[in-house]
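**Q** Here it is, the structure in full.
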């Protein structure tokens with residue numbers, strides 16, 4: 001908006017004078033399929049509405065002209081657009097070669113059309129192979145190109161095609177701030193990039209209140225209610241056709257089992273699309289009472305169908321982009337849209353390799369209603385695009401200029417630079433110390449920094465930033481490439497947002513703290529945050545005893561008692577990020593008071609604080625010290641003194657440690673009976689003192705079916721730092737189902 005305000009009406013008049021007062025901008029819009037027309041149509045209507053500025057020529061090619069895909073050119077005619085040229089460019093086939101031949105055929109036919117039209121600018125949308133042929137032809141014929149939706153990230157070959165078109169295009173209209181930043185990172189001229197939003201949102205955000213029941217009845221039957229049906233739209237993944245066909249087959253099986261009315265749209269023209277149609281027919285989808293299989297739905301009606309659906313499933317970009325405007329639940333299958341920005345309505349099933357997994361996703365998502373998302377637009381894209389078109393000066397040189405960042409010549413062929421070790425910055429926020437380390441991919445702590453943890457929020461955050469900046473600078477000297485920052489902290493953490501929700505009493509002024517934003521802004525690196533117990537479990541999963549183990553539990557025995565649970569190789573966070581608060585399992589109804597305010601928690605018996613409390617009681621009664629022990633007058637009594645006294649034969653100290661070990665063992669038995677892990681890992685400074693006691697309690701108290709569990713002591717020297725590093729190295733906080 002600021003860009004356009006700065007242009008001003010005077011600038012537009014100057015451009016008109018430069019281009020010739022009577023010269024209208026001749027715009028060629030080329031559309032290849034139903035999906036890109038939904039984005040281009042709002043722009044075409046806008047251009048048509050201002051004949052004093054523009055002349056519009058419409059070229060139709062690709063699947064628009066194929067009967068198997070609904071002859072969708074008819075909807076362009078129904079919208080009252082004159083089609084200047086129809087080009088049959090699709091070569092029928094079922095493999096990648098057919099797509100290549102289709103691009104070649106389009107390249108053969110397009111030059112004649114462009115010679116006749118002589119447009120000032122061609123508008124090309126998206127990332128389809130047809131669009132690549134359009135951009136290539138226009139670029140080689142010195143026609144300016146305006147590319148819609150560049151800079152976005154997704155899976156499959158589409159990414160490569162989209163970025164190739166970006167390099168050919170002279171002007172760019174992007175939909176999100178991230179896409180704009182990607183274009184700038186790709187060395188495109190910032191002055192030729194417009195952040196407008198998605199043109200289809202101009203229709204979407206005004207569509208939901210229109211009559212929709214008649215549309216639902218027409219496509220799904222009169223007995224279907226809103227939020228009680230599914231829309232399925234799945235395309236082949238051209239980089240892995242065989243797997244995508246199998247995934248489609250599993251999707252249909254899951255939909256049949258789910259037993260809800262479902263509208264299935266035929267896939268795009270891509271290698272593998274015919275095989276997907278055969279799968280549909282093999283399973284009898286076109287004749288199944290719960291299914292309606294269609295080649296095409298007009299966009300206005302499609303909007304209403306997805307807006308009021310109980311769920312949308314598949315791998316179409318429409319699911320992760322447009323459907324968010326309505327808050328409709330979406331299940332995104334596979335990798336075709338990997339990297340797309342999505343709202344919270346999207347559940348990703350990256351590895352959709354079983355029917356049960358897809359069916360479970362349907363059970364989780366169907367019928368929910370999420371907040372509406374405007375990630376991809378605010379409904380005002382077209383006015384911005386028209387202003388942008390009017391600002392184009394045709395007398396400017398046609399040759400593109402790229403904005404390359406400065407590059408230091410001395411490192412381009414530096415062998416040390418080439419052999420950099422991929423690493424993470426790991427931060428451990430303890431009750432006493434604040435530690436930052438550079439950790440390599442193999443779990444080696446390359447460099448470590450330790451400072452006392454400040455008592456106030458401001459001082460603590462400032463010190464974290466200072467230490468991280470110093471460590472990041474030092475990483476260059478020790479030949480490490482920092483991929484991101486992982487933070488381990490006490491308390492309850494929302495790892496999705498990088499926020500500490502509530503802290504333990506050991507860390508003051510540490511509730512409702514956003515750690516991700518300031519650190520990411522300062523270092524320009526991605527930041528992950530999680531609870532210290534969860535980090536210990538992640539460290540074991542990547543570097544320790546938990547490596548390759550499907551189900552295990554880690555218990556930290558230190559100042560407090562914490563832990564993490566790994567189930568089916570995934571860390572469990574819980575619905576309110578409170579899972580694995582293992583120190584607060586109650587083992588006695590009338591036990592000692594815990595710091596959490598309850599009584600009889602494991603932590604009240606077995607933590608370092610609890611042992612220190614009992615040691616002080618003995619010391620105050622002159623019952624702690626035995627022969628062979630001595631303490632200086634100013635020395636603070638600690639858990640270590642209690643352990644030393646027990647080793648030297650102090651029966652009262654032995655009894656306290658025995659009670660603590662029994663309490664911890666009872667907690668472990670409860671864990672075994674709840675989540676049934678195959679391995680229990682004891683970590684922390686007290687682990688060696690408790691391991692035998694825990695095993696004894698399991699043998700006495702546990703059900704026979706869980707007595708075979710392995711209980712081991714961690715062999716990791718620094719699980720908190722290693723766990724924080726693994727947040728980065730394994731990207732564990734991504735929302736992957």
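Each residue's number is its place along the chain shown, starting with 1.
Using the three backbone atoms N, Cα and C, a Cβ is placed for every residue, glycine included.
Keep in mind that TrEMBL annotations are predicted by a computer and have not been checked by a curator.
This is the feature table in TrEMBL:
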{"type": "ACT_SITE", "residues": "532", "note": "active site"}
{"type": "BINDING", "residues": "492, 504, 532, 581, 584, 603", "note": "N-acyl-D-mannosamine binding site"}
{"type": "BINDING", "residues": "584, 594, 596, 601", "note": "Zn(2+) binding site"}
{"type": "DOMAIN", "residues": "53-390", "note": "domain 'UDP-N-acetylglucosamine 2-epimerase'"}
**Q** Taking the Cα of residue 601 (Zn(2+) binding site) as the centre, which of the recorded positions listed as 504, 532, 584 lie within 10 Å of it?
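**A** For residue 601 (Zn(2+) binding site), the recorded positions whose Cα atoms are within 10 Å come to 584.
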**Q** Between residue 581 (N-acyl-D-mannosamine binding site) and residue 596 (Zn(2+) binding site), how many Å separate their Cα atoms?
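**A** So the alpha carbons of residue 581 (N-acyl-D-mannosamine binding site) and residue 596 (Zn(2+) binding site) sit roughly 11 Å from each other.
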**Q** For the recorded N-acyl-D-mannosamine site, enumerate neighbouring residues of the same chain (Cβ within 8 Å of the Cβ centroid of 492, 504, 532, 581, 584, 603, site residues themselves excluded), in sequence order.
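**A** Not counting the recorded site residues, we get 490, 491, 531, 533, 560, 561, 562, 583, 596.
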**Q** Nearest to residue 603 (N-acyl-D-mannosamine binding site) by Cα distance: which of the recorded positions 532, 594, 596 is it?
**A** 594
**Q** Which recorded positions are spatial neighbours of residue 594 (Zn(2+) binding site) here, meaning Cα within 10 Å, out of 492, 504, 532, 584?
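**A** Of 492, 504, 532, 584, within range: 584.
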**Q** Quick check: which same-chain residues outside 584, 594, 596, 601 lie with their CB within 8 A of the centre of the Zn(2+) site CB atoms?
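**A** Other same-chain residues with Cβ inside the cutoff are 583, 586, 595, 597, 598, 602, 603, 604.
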**Q** Out of 594, 596, 601, which of the binding-site residues has the smallest number of neighbouring Cβ atoms within 10 Å?
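**A** It is 596 that, of the binding-site residues 594, 596, 601, has the fewest other Cβ atoms within 10 Å.
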**Q** Calculate the distance in Å between the alpha carbons (Cα) of the residue listed as 'active site' and residue 596 (Zn(2+) binding site), and round it to a whole number.
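**A** Their Cα atoms are separated by 17 Å.
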**Q** I need the CA-to-CA distance for residue 504 (N-acyl-D-mannosamine binding site) versus residue 596 (Zn(2+) binding site), whole Å please.
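**A** Just about 8 Å between their Cα atoms.
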**Q** For residue 504 (N-acyl-D-mannosamine binding site), what is the tally of other C-beta atoms lying within 10 angstroms of its C-beta?
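**A** That number is 20.
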**Q** Any same-chain residues 6+ apart from residue 492 (N-acyl-D-mannosamine binding site) with CB under 8 Å of its CB? Would you list them in sequence order, or say none?
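**A** For residue 492 (N-acyl-D-mannosamine binding site), the qualifying residues are 500, 501, 502, 531, 576, 577, 578.
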**Q** I want to check the contact list for residue 584 (N-acyl-D-mannosamine binding site): same chain, sequence separation of six or more, C-beta distance under 8 angstroms. What comes out?
**A** 594, 596, 598, 601, 602, 603
**Q** Would you work out the biggest C-alpha to C-alpha distance among 492, 504, 532, 581, 584, 603, the residues that bind N-acyl-D-mannosamine according to the record, and give it in angstrom as a whole number?
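**A** Farthest Cα pair among residues binding N-acyl-D-mannosamine: 16 Å.
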